[in-house]
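First the structure, in the form of structure tokens, and then the observations on it.
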Amino acid sequence: MDKKINIYAPCDGFVNKISDLNDGVFSEKMLGDGLYIEPTSNTFYSPINDGWLENIFETKHAFHFKHNDGLIALMHIGLDTVNLKGNGFKLLHNSKEKVSNKTKIVEVDLDLIKKNNIKTNTPIVFEFDKNDYQINLTKLGKVKQGDIIAELNLVIKQKANDLLSNLDFKNKYEKAAEDIYKFVGTNINIKKAYNCMTRFRLIVKDKSLVNDNDIKKINIVKGINWNGEELQIIIGGDSYKVREAYQNLVDKTSKNNIKNKSTKKRSFKQKTLGFISGIIIPVLPIMITAGLLKALQSILEQLNAIAKVSISMNAGGISKLLTDYDLGSALVFSIANIGLAFLGVAFVVSTVNYFKGNIYIAIFIGITLMNPYLTGGLNWELFKLGDVSIKVQSYASSIIPMVAAGVLYIYLDKFIKLWMPSTVDIIFRPFLAYLLTVLPIIFILGPVLGILESGIYYIMTWIGEVPYGIGAGLFAFTWQFLVITGLHTAINGFVNMSIANNQPTVLGLCFTITVFSQMGAGIGMLIRTKNSNSKKTIFAAIPATWFGITEPILYGSTLPKFRPFLMGCVGAGIGGLFIGLTPATSYTVSAGGIFAILRVVEGGWLQMGLYVLSWIVTIVSSMLLTILFYKERNSELSEIKKVNNLVYKIYSNWSNLPLKESKEKLNKNIIKLNNFIDDNFKNLIKNFDNSLKETQKLEVYLKNIDERLENKKAFIIKRAINLQNKGKIEKIKLLNEKFKILDYSEKTVEKKKKLYTLLLDRKKLENEVEKKQDEFLKLSNTILLNISNEIKHPYILNLNSAYFNAVHSCDINYMLTEKQDIETKYSFYKKTI
């Protein structure tokens, strides 16, 4: 069933759709959906029955009403009447008092408003969730005060007997994702889905299958934009949450569908990197856990809580047994060392699993190659290559021979399967594949690949030992570049494998230094930026960096602006240089971030202190460099001058004139572009920038309130699920009541009033700025057109897009305007012979 709320005409006049107002604020439904009335009578009544007057603006021109059902309505008399500061308005009712549609609210001097060249159009808009209410305009055109002009239908769906069904278990992002999935023609019509700071972007196959209007109606969608085949759904700072919810929905749906095999071939480089990542990443938890256990052992040894255990085997006897130590020391030693001792087995399993082979045979091969009878240093020397001894030995913690064993087994297994009779396949195929794998590894591939593994270690050692810390500094500087290209996983694996093989290297300390460098750059951005959305993104990303996760701050903040990313890389280089000058080195593998301190525990308190100091050096240097060299945006004039210089060069090249002469010839017109950015324009942009900063600050505040409300709802839902599982029906009823009364409107009403005033002011400034920007672009287009006609350049006119980006620097920075994609390299426009 539906519950209906009637909306009444507050005065005589003419009712119209809110979208026809064309004021840029109310018409865009920034403050809610509704209608507007052109008043012809001076006395305004309440537009609702059964409620109260919640709030009166200081300037007496706007009023918040609250219906008994919780619906909030805003009646705003005139569009710019805030400038009258209350003149022409006589209050007839007090706030917090009950109202009906017969309650007089205010007497208005409409003639005074018109004399001040202010429109009397009066928007009436409502704050509601589109999923709960539907608005129906029942009467357009001429109306009398008290006429029903609209109905708000509160949709109350019939619920199941289950009390828990009264709670909505999907958050707003999941709901939005489901709607988007449906309105874009499902994932079948989507090539790619991703997000930027404020937009959820979908590369669409067939635009005719996309329902634009329904997407616009989704509650959290602020608008849409098409850029070729890319659909940009404007959401705001929460765009990543919608993308995650959408991806989860796609993944869930895909499980029920037949998988399509990709016909796109991968390059050798892609296959190699995919293979390395595919076998290393599953083993990382073992490497990290084993490293942490070793670090724990080192801490206990340094605190003298346990004895330092040392076991060695010689060809003639055992020098010392584990049982020669006390139980506590022996137990800690056993637990702390078993992971690294058997690490090779994990790599065989991971390799075979990557190729979807039999992991049980892989375990058997791994155990054979780690050979417990050969542990402790026992070996047989086969021959020597110079000073390098080729031995038959255990490969317990060797990585490359174990990976090679996994690959060899997979290919041998497939080969044997081709000719082995099915009647004996189950008996002899595993037997032959096993033998033909372990024997070559033990006698040929193992010793040879052991040399390769040692070679990798020597390369890493050489980089780390480049004098004066330069090697570590260069490694740290380049690391984040490797991260964004995807090459870091393989190199990270090689460095950690060397460390796991008891081959310490300072490079293992550089990983966390590069994480903290991006944190420092982010803090520098935080200090420099005026953008509240950017600040919120950085604040949200910083905690993750403490635990070694750079992606949120890297892809969300520093990399998109690039210069902070670069300053972070320089800061990492400084931190790497510092740690490279110290005796500190990585003795074990550990988790990232603050847990990386465990890498140096074995080196004692001095090395631990030096490592922490390197983090401070990195964070501070990255922060200071970012503060010094990062600008949130370049000024319009400086960007225009860059384009002007490009035009000079192109003209010089195509007209065969010296650059100086070309400048003199063009300056008469080009100087007009520079002069356009006069003090009036600069002040206008400054005021616009400040207005954007203020409105964004309030929008972020209100969004945070909304998120807290969503989190409380999620908490109640989680408790309700637990109670339902336990059959506690009465407690679920209480939770239902709590869920229904969750409301933060009292906390936000004053902020919303302020936001509304700021949005009106911002829109006026925005209109003035747009007008000036359009004038500039007409001028620049005329100048480029004349140059194009003179030198016959085929695409110099495209540079008007560069001028567009320059003059729109402010609104592009606040992501109100999409930056146009344009090539600005001189070589692109240079005449070819």
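Indices start at 1 and increase along the chain as displayed.
Each Cβ is built from the backbone N, Cα and C atoms, and glycine gets one as well.
Taken from TrEMBL as is:
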type: ACT_SITE; residues: CYS196; note: active site, phosphocysteine intermediate
type: COILED; residues: 755-782; note: coiled coil
type: DOMAIN; residues: 23-128; note: domain 'PTS EIIA type-1'
type: DOMAIN; residues: 174-256; note: domain 'PTS EIIB type-1'
type: DOMAIN; residues: 287-644; note: domain 'PTS EIIC type-1'
type: TRANSMEM; residues: 273-293; note: transmembrane segment
type: TRANSMEM; residues: 330-350; note: transmembrane segment
type: TRANSMEM; residues: 357-374; note: transmembrane segment
type: TRANSMEM; residues: 394-412; note: transmembrane segment
type: TRANSMEM; residues: 432-452; note: transmembrane segment
type: TRANSMEM; residues: 472-494; note: transmembrane segment
type: TRANSMEM; residues: 506-526; note: transmembrane segment
type: TRANSMEM; residues: 538-558; note: transmembrane segment
type: TRANSMEM; residues: 565-598; note: transmembrane segment
type: TRANSMEM; residues: 610-630; note: transmembrane segment
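Residues 23-25, 30-31, 62, 74, 76, 79-80, 82, 672-673, 676, 681, 684-685, 687-688, 691-692, 694-695, 698-699, 702, 797, 800, 803-804, 807-808, 810-811 of the same chain lie 6+ residues outside the coiled coil (755-782) yet bring a C-beta within less than 8 angstroms of a C-beta in it.
Averaged over the domain 'PTS EIIA type-1' (23-128), the predicted model reaches a pLDDT of 88.
For the domain 'PTS EIIA type-1' (23-128), the DSSP counts in helix, strand and coil order read 10 helix, 43 strand, 53 coil. Across the domain 'PTS EIIB type-1' (174-256), DSSP assigns 37 helix, 22 strand, 24 coil.
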